[in-house]
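**Student:** According to TrEMBL, the protein carries these features:
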BINDING   LYS74, GLN95, LYS98, GLY149, SER374  substrate binding site
ACT_SITE  LYS110  active site, proton donor
SITE      ASP150  site 'Important for catalysis'
BINDING   THR193, ASN227  NAD(+) binding site
Amino acid sequence: MAEPEFEQAYKELVSTLEGSSIFEKNPEYKKALMVASIPERVIQFRVTWENDKGEVQVNKAYRVQFNSALGPYKGGLRFHPTVNLSILKFLGFEQIFKNALTGLNMGGGKGGADFDPKGKSDNEIRKFCVAFMRELSKHIGADTDVPAGDIGVSPREIGWMFGTYRAERNRWEGVLTGKGGSWGGSLIRPEATGYGLVYYVDHMIRYASGGKESFEGKRVAISGSGNVAQYAALKVIELGGTVVSLSDSKGALIDTEGKGFTPDVINQIAQLKVERKALTALENHCFKYVEGARPWKEVGKVDVALPSATQNEVSGEEAQALIDAGAKFIAEGSNMGCTQEAIDVFEAHRKEKKGESIWYAPGKAANAGGVAVSGLEMAQNSARLKWTSEEVDEKLKGIMKACFENCLETAKEYITPAEGEFPSLVGGANVAGFKKVAAAMKDQGDWW
C-alpha cells in the first residue's frame, strides 16, 4: 500500500534526525526508530447510518493507536472525504512527538472517517456520530485512548460522541477532550492552538531581535479560517500586529487597505464556519477575494506567515515568494503545513543569510498548544476540578515557552548552528520529541 502522507512525515523526521548528531551519540536509537514507526495498533471499522430519506449509508472509519510509552493515546478525530489510513498514520506519527514536546503524559494517536459533513443535515451528522462512537467506544477510555476534535469534528460532535460513549459504557470519564464547559471541558481549549502558536512565534521574534521586537507593528499572513486561524488572528491583533489574510478551501481573502482584519470580521467569519458556508458569503467587507488561491503570493510585504489550514499548503515556490516578500518568521498552525521543498527553502535560507534569514518552526512544536490544553483538560477531569481561564492560559504560556526553549537548546546541542545563524527549530523539535519517546520506550522494554 502506498502511503504518501505517512512516508512524507516519516522521511521529514528521519532526514532531520540523520542531519543531527543523535545517531552518532546514540547509534542504538536507529532501532528505536524502526520500532516507533509502526503503530502499536490500528483499528478499522465500518460505520452504517441512516440518512434523512431513510436510506442506509456506509463509511470507512479508523483509529490509529500509534504509541503509548508516555501516556494514553491522544489525538484528534477527522471527518473528511479525504481521510484514509496514510493520512491518519501521518497525523498519528506527528502527534507522538508533538505530545512529547508538551511535557505532559500523552501518547500519540489519530482517527476519523471518510464521512463528509458538508451538505449533511444536523440530524444526519448526529446519527453518524452515534454510529461511529458505538464502535469506537470499545477501544478507547480515559486511561487508554482519549480522542479529540479535528477537521469536521467541532465541540458539537464531541458532545454527541461523549453522550454515546457514556450510554454505551455506563461511565462518565474524561474520554474525549474539547468537551463543553459544563460537562468536563476546559476553558481556553477552543483558543489554545491559535493562542499557543502566537505565543511560540512571540518567543522566536524576541530571541531573533535580542528582546527588542514583538508582534507590535508586524504584518501577519494567516491561511485557513477555522478554529486555529481565528484564534491566532485574534491573539495577533491583541498583541498589536496586523492580520492581512485568511482563506478557505475555495480561495483567499486579502487585506488591500492596510487596516487588516478586525475582531468583528473574524467573529463574522467564525459564524460562517458554524453555518458551513464559504468565505464568499462574507458581507460588507473591503477585502480582495482571490478565487482558488492561497494567500502567500497575494499578500505583498509581510513579516510573519502562519499557515493554519491543512497539510502541504506552502509549496517550495510559495516559500520563496514569502522570503521575497520580506517574511522573517514562519510557523505552522496546521500539521505538516509546509511541503518538504518549502522546508528545504527555509532551512537553506537560514544557513545562508544567518541572522537576516527567515526562521521556520514546525507544527509539532508551534501548534502543540492545542493538545497541551487537552492534556490540562484531562488533568482537570482526573481531579474533578475546573481551573479559571487565567490559570489555564498561564499554564499554556509556560508550556509554549518551555517547548520553544527545548527546541532551541536541543538544536544547539545536536545540530550545532554556525556562527550567527539561528538554531534549526525543525531539527530541535524532531530530536527533542524523538529522544524523549525513544528513551521511555527503552525503559519499558519496547526495544532493547
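Every residue gets a Cβ built from N, Cα and C, even glycine.
TrEMBL entries are annotated by machine, without manual review.
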**Student:** Hey, for the substrate site built from LYS74, GLN95, LYS98, GLY149, SER374, who else sits with CB inside 8 A of the CB center?
**Tutor:** GLY75, GLY76, ASN99, MET106, GLY108, ALA148, THR177, GLY370, VAL371
**Student:** From the Cα of the residue listed as 'active site, proton donor' across to the Cα of GLY149 (substrate binding site), what is the distance in angstrom?
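**Tutor:** Approximately 10 Å lies between the Cα of GLY149 (substrate binding site) and that of the residue listed as 'active site, proton donor'.
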**Student:** Find the longest CA to CA distance in the recorded substrate-binding set LYS74, GLN95, LYS98, GLY149, SER374; express it in Å as a whole number.
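**Tutor:** The substrate-binding residues span at most 16 Å between Cα atoms.
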**Student:** What's the CA to CA span in angstrom from GLN95 (substrate binding site) over to LYS110 (active site, proton donor)?
**Tutor:** 8
**Student:** Using Cα coordinates, what distance in whole Å links ASN227 (NAD(+) binding site) and ASP150 (site 'Important for catalysis')?
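**Tutor:** About 10 Å separates the two Cα atoms.
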**Student:** Can you give me the same-chain residues 6 or more apart in sequence from LYS98 (substrate binding site) with a CB-CB distance under 8 Å?
**Tutor:** GLY108, GLY363, LYS364, ALA365, ASN367, ALA368, VAL371, GLY433
**Student:** Out of THR193, ASN227, SER374, which has the highest number of nearby Cβ atoms, where nearby means within 10 Å of its Cβ, if these are the binding-site residues?
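**Tutor:** Its Cβ has the most other Cβ atoms within 10 Å: SER374.
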**Student:** Could you state the CA-to-CA distance between LYS74 (substrate binding site) and the residue listed as 'active site, proton donor' to the nearest Å?
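**Tutor:** It is 7 Å, counting Cα to Cα.
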**Student:** Tell me the Cβ contacts of ASP150 (site 'Important for catalysis') under 8 Å, same chain only and six or more apart in sequence, or just say none.
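**Tutor:** In sequence order, GLY76, LEU77, ARG78, LEU91, LYS110, GLY112 meet the Cβ cut-off.
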**Student:** Can you tell me the CA-to-CA distance separating SER374 (substrate binding site) and THR193 (NAD(+) binding site), as a whole number of Å?
**Tutor:** 10
